[in-house]
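Residues or ranges marked as GTP binding site by TrEMBL: 28, 29, 30, 31, 32, 33, 34, 35, 76, 132, 133, 134, 135. Residues or ranges marked as Mg(2+) binding site by TrEMBL: 35, 54.
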């Protein structure tokens, strides 16, 4: 008697190992460059990318090394920024983007950062602070921002990365820093 049963080990469907997904909350003030960074991470060779202010959110997944990172990019306008509260649950990390060249908004960014990181639902989320627009003159350094934003009072593990949406290496540094945070 002959049975035609496919060996599951040889089945192509069985040999595919699904990568773990890491959900990330991407927030910051308007014009910090969150959406531009997100879409540059997806298409780093696209220098002609044009974005408009995000009304609501963008959700994109980036396959990087052994994980899929799902970014929930929440608009930064005053009227939209409050929406982050609806997307905060079960996030492994917060990616907080700051326009490092716009010193006039550091106090406002500080207030928002501490509001987000002080939320009980994010008490176990790690923080990646992205100092964006490093291609512009007079940008704040990581050391400046560490003091300006009172980072020592943040209870969760955090790291700071300098970046520019127009520098592919600094974009890659975002993903490498997320990897190094050992997010599950």
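Cβ coordinates come from backbone N, Cα and C, glycine included.
Positions of TrEMBL features highlighted on the structure.
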residue : record              : Cβ contacts under 8 Å, 6 or more apart
28      : GTP binding site    : 34, 76, 96, 97, 98, 99, 109, 112, 130
30      : GTP binding site    : 53, 75, 76, 77, 78, 81
32      : GTP binding site    : 76, 97, 98, 99, 109, 132
35      : Mg(2+) binding site : 51, 54, 58, 73
133     : GTP binding site    : 33, 99, 100, 101, 102, 139, 164, 165
135     : GTP binding site    : 164, 166, 167
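Cβ neighbour density within 10 Å is lowest for 54 among the binding-site residues 34, 54, 76.
Considering only the residues assigned to GTP binding, 28, 29, 30, 31, 32, 33, 34, 35, 76, 132, 133, 134, 135, the longest pairwise Cα distance works out to 21 Å. In the three-state DSSP reading, residue 35 (Mg(2+) binding site) counts as helix. Following the DSSP three-state reduction, the secondary structure of residue 28 (GTP binding site) is strand. The DSSP secondary structure for residue 76 (GTP binding site) is coil.
In this structure, residue 54 (Mg(2+) binding site) belongs to neither helix nor strand by DSSP; it is coil.
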